[in-house]
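Undergrad: The structure under discussion is supplied below as structure tokens; questions concerning it will follow.
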Amino acid sequence: AWRVLESGGSELDAVERGCGQCEIDQCDGSVGYGGSPDESGETTLDAMIMDGNTMEVGAVADLRRVKNAIGVARKVIEHTKHTLLVGESASLFAVRMGFPYEDLTTQKSLSLYSVWLNQSCQPNYWKNVVPDSSKSCGPYKRHEEVTYKEEETSSQRSVHNHDTIGMVVIGVSGTVASGTSTNGAIHKLPGRVGDSPIAGAGSYADSTAGGAAATGDGDIMMRFLPSYQAVEYMRMGTDPTVACQKVISRIQKYTPKFFGAIICANTTGSYGAACNKIPGFTQFHFMVSSPLLRRPTEQVVDCI
């Protein structure tokens, strides 16, 4: 992304190239093809890109059989008046835009799926169904009489185990663009869409204030529009680090054990990040490139 900017490319070009490289590299197994199979064993992709000058957003969700999700999202901005395309229709649009159909399944994703089936489909995302989803595979159906019980789960994660690439790019004149790409939650229900392709949730860019991008448990994060909220804090003059921390604190009040982190950058180039502290996830690592740094540099923040 930084090389694109240095060679005269636009902020949107940089976001698309940076996130697209992660899709090719299958970053962490959680971006791009061949990772995070859903309940049926298929890998599907979510991505979005946002122009902070025009406030245009292009996004795709539940994209199937097309590898370059962020590239397709960019084409939604360039060739449609829409914001978000989903599922098979998003794939058909991608093909019309010149993207090839490709198998997103790999031996690794098949192996992950096989292991999960052999572990009685644990963990999964069902609740209040029969048979007991905590002990067996489906097909599930709802109880005739449902007794609701809240289950607080926090999975063990290492500090390097993020599940989305999120990127904020600030141009030389303060122009902002942002984007995300992910293959979503592993073993998700087919059709599930997380926070990543949702404007204001997965990322947000406004060239009058700044940009933000989030990673973590998208089902929880998206309810709070954390990226939009962070940008609004920065609009009010809040330091990017504090803006990120305030966003995490808001979510903590409702779900203290959620997995999540956010990066924030304002139009002057100041930046920060924050994360929620849970067992196995006490620090958040993110990368920064700027004219002040000789090379892309890894930064670390302690979770709150």
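Each residue, glycine too, has its Cβ placed from N, Cα and C.
Automatic prediction, not curation, is the source of TrEMBL annotations.
Got these off TrEMBL a minute ago, pasting:
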type     : residues                                       : note
ACT_SITE : T164                                           : active site, nucleophile
BINDING  : R192, V193, G194, D195, T215, G216, D217, G218 : substrate binding site
Undergrad: CB neighbours of G218 (substrate binding site) within 10 A?
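TA: Other Cβ atoms found within 10 Å: 28.
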Undergrad: When neighbour density is defined as the number of other C-beta atoms within 10 angstroms of a residue's C-beta, which of the recorded positions T164, T215 has the lowest density?
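TA: Checked T164, T215; of these recorded positions, fewest Cβ neighbours within 10 Å: T215.
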Undergrad: Taking the residues R192, V193, G194, D195, T215, G216, D217, G218 listed for substrate, what is the greatest CA to CA distance in Å, to the nearest whole number?
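TA: Spelled out: the longest distance between any two Cα atoms in R192, V193, G194, D195, T215, G216, D217, G218 is 16 Å.
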Undergrad: Where G194 (substrate binding site) and T164 (active site, nucleophile) are concerned, what is their Cα separation in Å, rounded?
TA: 10
Undergrad: Just checking, which of D195, D217 (binding-site residues) has the fewest C-beta atoms within 10 Å of its C-beta?
TA: D217
Undergrad: Round to the nearest Å and give the CA-to-CA distance linking G216 (substrate binding site) with T164 (active site, nucleophile).
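TA: Cα-Cα, rounded: 8 Å.
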Undergrad: How big is the Cα-to-Cα gap, in Å, between D195 (substrate binding site) and T164 (active site, nucleophile)?
TA: 10
Undergrad: Which number gives the other C-beta atoms within 10 angstroms of the C-beta of V193 (substrate binding site), all protein chains shown included?
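TA: The Cβ of V193 (substrate binding site) has 21 Cβ neighbours within 10 Å.
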